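Below is one structure; the comments refer to it alone.
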Amino acid sequence: MASESSPLLAYRLLGEEGAALPANGAGGPGGASARKLSTFLGVVVPTVLSMFSIVVFLRIDATGPSGLQVLPQGYGWNLLYGSLLLGLVGGVCTLGADLYARASFLTFLLVSGSLTSVLISFVAVGPRNIPLTPRPGRNGSSLPPRFGHFTGFNSSTLKDNLGAGYAEDYTTGAMMNFASVFAVLFNGCTGIMAGANMSGELKDPSRAIPLGTIIAVAYTLFVYVLLFFLSSFTCDRTLLQEDYGFFRAISLWPPLVLIGIYATALSASMSSLIGASRILHALARDDLFGVILAPAKVVSRGGNPWGAVLYSWGLVQLVLLAGKLNTIAAVVTVFYLVAYAAVDLSCLSLEWASAPNFRPTFSLFSWHTCLLGVASCLLMMFLISPGAAGGSLLLMGLLAALLTARGGPSSWGYVSQALLFHQVRKYLLRLDVRKDHVKFWRPQLLLLVGNPRGALPLLRLANQLKKGGLYVLGHVTLGDLDSLPSDPVQPQYGAWLSLVDRAQVKAFVDLTLSPSVRQGAQHLLRISGLEFDSNLLP
């Protein structure tokens, strides 16, 4: 049986249950891999559902005037509805993800059917007047009923809708502008990494992730553009601005729209909660934030991190207190932009460092696209909300400083070291000994240290003498490598580097193994790159 401690989950969709993944992430018995999800099920479906749901569900007041009108309305009631749905999602994720895995494909069919009915309705439904939500007057008096107009395909309607025409958002009372509209619509792109989160379950991740993500994004973009075009061709501006749930009003069968809305929202909510809990659990296991994330380490016998699920559920419950998407859309978008900028910056760093393990297969990838992505994200952050952008960058800086002070796991590796190596190597290759001149002479010191315990004053004296030159600490270990089972020098490097840190000197360390001190000193002279006319301190 597949364990839930594997990357994200070992899904069992339309096939037999795979073997459990070992702790190291390798394949099962005999080297057979437990990964089995195809590009469509593993990348396209979760990405499309995530990208659709944010705008289609949260942007529409599904429990308000355009939704379930039989339910009581108000901030408290809406908070209760959201909490109940979140509790359902959290319960499923806490008990396991089999239900979500089996329902993903069915949900995709429901959403596709709902979208198909909406697209057909634009053509099949004739012109009609749609009543709008009544607004109270200035003195609390009721205004006369207002209507939005579904005109059918009409060139005049399209012409009237071409301009910007920003108006007041009837759900929050705030005046809309380009930045606020972008903040809301940008949430439709937040599911773009849903497929990458399932990399541990794919048959061929290196091929499935880029191919599936591009297909999902292209499909979603096509649907969005088609809906925008059809809406602007058939709905007047009053209807578009005053009723965010007009799809239901013009549908041939309105309940199908609600079914699609709820299905995609619940599916994406479970997917987001599962993914967030797994990331939180990984952070807790690495002990990056100490006791703050300690509850997220708790797992069940099957490996399901239910502690992280409950932790994530609590954080989402706090977000529900905002009440409406438009209230927090700017902040949510800014945080997503920060995350995407961080991803772009990571790819840019790896590309500039020429890391041999970073080999992107996307043919259009280059450091120019990474730099453009970072610049674009930062620009849009400050256009949307300068305060939220500054606060998010400050928070990221504080987190980075905290992680640097605590020190991450040594197995992670540091891209800064790769960047330094790349730059140092590039400039070392540009050094030409034939161009040396006496005007730019610098001392180069090789200090042979026999007993480091009593050599601390000497180390600091040589450090003062070097005056910006090359300073090398050398040590000779007597022995013959042919007669030894392993090299005794390599394990000593850590202790010598600690000595350099403690002495607070700017020096390199070179160690060698030789039958005699004289031969060892000759070895050090050559391997350290010192010239024979330099000053030597024995």
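Cβ atoms are placed via backbone N, Cα and C, with glycine included.
Since this is a predicted model, take the numbers as computed values, not measurements.
Residues or ranges marked as transmembrane segment in TrEMBL: 40-60, 80-101, 108-126, 174-196, 208-230, 250-275, 328-350, 362-382, 388-405. What TrEMBL lists as domain 'Amino acid permease/ SLC12A' is 72-446.
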Dominant neighbour of the transmembrane segment (174-196) in 108-126, 208-230, 328-350, 388-405, by Cβ pairs under 8 Å: 328-350
Between the stretches 208-230, 328-350, 388-405, which wins on the count of C-beta pairs under 8 angstroms to the transmembrane segment (362-382)? 328-350
With the cut-off at Cβ under 8 Å and a gap of six or more residues from its ends, the chain residues touching the transmembrane segment (328-350) are 179-180, 182-184, 186-187, 190, 193, 319, 322, 358, 360, 365, 367, 370-371, 373-374, 377-378, 380-381, 384-385, 388-389, 392-393, 396, 415, 418-419
Contact set, same chain, for the transmembrane segment (388-405): CB under 8 Å, 6 or more residues outside the stretch: 288-289, 330-331, 334-335, 338, 342, 378, 381-382
